[in-house]
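See structure below.
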Amino acid sequence: MKMPDYLYLVLGMGLATYLPRMLPLMILSRRRLHPWLKEWLELIPAAILSALIAPMLFTQSTPRLLFLGKPELLAAVPTLLFAIKTRSLAGTVIIGMLAYWAVGILQVP
Amino acid sequence: MSSTTTSIRSGMSASWPICLGYFPIGLSLGVLAQKGGLAPWQMALMSLLVFAGSSQFIAVAMLGSQASPLAIVLTTFMVNLRHLLMSSALAVHFPGVSRRFLALFAYGVTDESFAVNMTRFSRGGWSRQSAITLNQAANATWLVSTVAGVYLGQFIPKGALGMDFALTGMFICLLVLQVHNAAAALTALVATVVSVLAYLWLPGTAYVIVASCTAATAGFLYRRMQTGRGMR
């Protein structure tokens, strides 16, 4: 793709990315939020994290199917246990990587 | 002055799991972009102006299949709608903060920075300087690794050291840190089930928004019932 066309494309993409990130922050940060909305928003991190993680562990992508034998799922078990036990972000990331690496080695004969 | 330095330092040091996780993803995006005919400067421009992993992957694939620019921009918009939710949840921690700061901060709101910043904010002692430093560190890593992928991606072995699991591991721990009561646990459970179902049945990334809103509402109703304050 040539220069002006490509520039318009990434500018459009940039705007489509930036606006959803910026508008709620701008609008909601200078307003007193209703307690109900605040309570609901407090649950959003746990909700989004679970929603992002679950398909990575329980599904395959092309075609989209339920699949319970992914190496990601096997590695997630010790990772989750370690996170619950230690609550250490650094430790969990390292244990997770080691577990995923080990699962990869064990699976390939 | 020294408190600013401390803030920046803690932002940098909190960003390492994100940076570690971005590296393999950024490299593989760079490799795909190179195969799809993008020059290093084109990759750099996209990572700088867009800074959104999943939409950049989709854009590179769509460019390869000669999709129209309008279709690519619309898809990007759909994929990034989930950030409306994240930006709303973050707003609680920036009451009355200047528009300039928010404009700059919003640029770095990603799944990963959102998750780390929210957890740190709710734990306390996390300044907005630390938060924006973390965003910028993640952005810099993304820019460098995507461009590096265009140059040297094919030489890096796939799955080196389990790096592909770094972000998943980070998300798992951040989720554990977010689940500090029954309402949050219920929310996580509902989100997991709904997200898998929605992923199988709905196109694109709609599953994130559908599952998150359903689950947060379920958790909210549960908490309301628990506290016996009624629904009025």
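Just so it is clear, glycine is given a Cβ too, placed from its N, Cα and C backbone atoms.
All TrEMBL annotations are machine predictions without curation.
Beyond the transmembrane segment (B:14-33), the same-chain residues lying 6 or more positions past its ends with a Cβ under 8 Å from any Cβ of the stretch are 42-43, 46-47, 53, 56-57, 60-61, 112-113, 116, 120, 130, 133-134, 137-138, 141-142, 144-151, 153-154, 156, 160, 163-164, 166-167, 169-170. Residues or ranges marked as transmembrane segment in TrEMBL: B:14-33 (among others).
Here TrEMBL flags B:45-64 (among others) as transmembrane segment.
Long-range neighbours of the transmembrane segment (B:70-92) within the same chain, counting only residues 6 or more positions beyond its ends whose Cβ lies under 8 Å from a Cβ of the stretch, are 50, 52, 54-55, 58-59, 62-63, 106, 109-111, 114, 117-118, 204-206, 208-209, 212-213. The transmembrane segment annotation in TrEMBL covers B:70-92 (among others).
According to TrEMBL, the feature transmembrane segment maps to B:132-153 (among others). Remote same-chain partners of the transmembrane segment (B:132-153), defined as residues 6 or more beyond its termini with a Cβ less than 8 Å from a stretch Cβ, comprise 7-8, 11-12, 14-15, 18-19, 22-23, 25-31, 33-34, 38-40, 43-44, 46-48, 51, 53, 56, 101, 104-105, 107-110, 112-113, 116-117.
Tertiary proximity for the transmembrane segment (B:182-200) is limited to same-chain residues at least six positions away from its ends with a CB under 8 Å from its CB atoms, namely 175, 206-208, 210-212, 214-216, 218-220, 222-223, 226. The transmembrane segment annotation in TrEMBL covers B:182-200 (among others).
The transmembrane segment feature in TrEMBL is assigned to B:206-222 (among others). Packing against the transmembrane segment (B:206-222) from elsewhere in the chain are residues 78, 81-82, 85, 182-184, 186-191, 194-195, 198-199, 231: each is 6 or more residues past its ends and has a CB under 8 Å from a CB in it.
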